[in-house]
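According to TrEMBL, the features are:
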REGION    1-20  region 'Disordered'
COMPBIAS  9-18  compositional bias 'Polar residues'
DOMAIN    270-438  domain 'DNA primase large subunit C-terminal'
BINDING   CYS280, CYS359, CYS375, CYS415  [4Fe-4S] cluster binding site
Amino acid sequence: MEVIRSQKRTPSNDTVSNPKIPLYLTAPPMEVRLEEFELFAVDRLRVLKGVSDGLARGRNPKEMDDLVDTLWKEHMRDPDASVMLNKDIISHFVLRLVYCRSDELKKWFLSMETALFRHRFRLQNFEAQRAIVGEFGLPYKAVTGAELEGLKERLGQVVRSLGQISPTVEAVYYKVPFEEVPDLVASRRVLIQKGYAFVAGSQLVSLVVTQFRSHISKALILTNRKWTTTIQEREKDRLTPIVEALSTSYLGPDYSQSTEYAEISLMDIDQVAKSSFPLCMRHLFEKVREDHHLKHGGRMQLGLFLKGVGLKLDDALAFWRAEFTKKVGSERFDKEYAYSIRHNYGKEGKRTDYTPYACQKIILSAPGAGDHHGCPYRHFSEDNLRAALGRMGLSSRGMEGVMDQVRNKHYQLACTMTFEAVYGTSCDAGINHPNQYFEESQKILKSKTPPAPV
């Protein structure tokens, strides 16, 4: 796959003739425009993040099938089947390059791509599923004749043990080594005899997903080698910045401009911090009030958040000055800190209008000794997190639900569940940005406030 700047890409005939769900066995021999390289990847990333949220919320297989179908139609569907297929393939290989660069990134990408493949496969008809099995080149043949007849009674026992409403032995079974379908073995949904599992046609997904996951896992290792040895340096001025940015991409509003629900002043900042700040920002706000200082990472995370919720530059300077001068004095504040505050508001240097940090960037930060920035759900100890959640008013039951998500490393869902517990309402979209948390909180609180008399 070669990335070019502007000339039109010609689809490969081989690519178009692949099964409806490609297996991503080899990179396609096609040219890709630079703008497609990024845009296709972003669309697929929206799908994968939607899958991640659905799994973290404990949706059942049927609900996940429906979610994947909806996400795919929304972000990846195209009226031209060949265009859609090429977008599917290109976006996968781009994100494989993006997520091969660390063990944590690889683990997330492998899990989400496998889940996406699983549910897309489940949505296919049986003939399409068999075609995909054939494309993998799996050596398994259907059990037929006397062998199938001899197993029917025991197969029927397995089917009945699953509690199906109308238990029937299926017409097609595959004989495979039992270690290749570990999920079916673990859940006792398959007959095992002499080291072989007899997999029903409706269970093909388990057989194929094991092969798919193994292939992607090995491919990520090979892609990482190519990235570190050649691609990263060779493409340092073109692709490398895009690749490095995509893994921390936030796909929603940038909150660079305040809205009707996001405008605060120095008079109400303490009350609003207590009622509407997410835990990460509440912690930083309390620390600057307590210590009259924050290190650079904390100043950036909190300062840009405050900018996004509508704190004007003059108020921001007054806020930071009032706290820092209690510790460092006015002269040092003006010399060392005031410039960076004006810089964040686009009034110094390149005049860039910096945007508040999204959850993904905060989660992936690495606070050191004496730092207070980062994501509390990821970076706090369990005791400290429990104490912080208690101060936000979470019940024991609500706190345990949040801690379960933290233990499973679903940090954004933990924050979402905190929001739902604090405000007593669901947040189906999930929390993906601290400023989103603030805005949604303000909407709820203002809807409960009666209008002022005229």
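Backbone N, Cα and C define each Cβ position, glycine as well.
Predicted automatically and left uncurated, TrEMBL annotations should be read as such.
On the 0 to 100 pLDDT scale, the model's mean across the domain 'DNA primase large subunit C-terminal' (270-438) is 93. For the recorded [4Fe-4S] cluster site, residues CYS280, CYS359, CYS375, CYS415 set the reference point as the centre of their Cβ atoms, and the other residues of that chain within 8 Å of it by Cβ are PRO278, LEU279, ILE362, ILE363, PRO376, TYR377, ARG378, TYR411, GLN412, ILE431, PRO434. CYS415 ([4Fe-4S] cluster binding site) is surrounded by 27 other CB atoms, counting those within 10 A of its CB over all protein chains shown.
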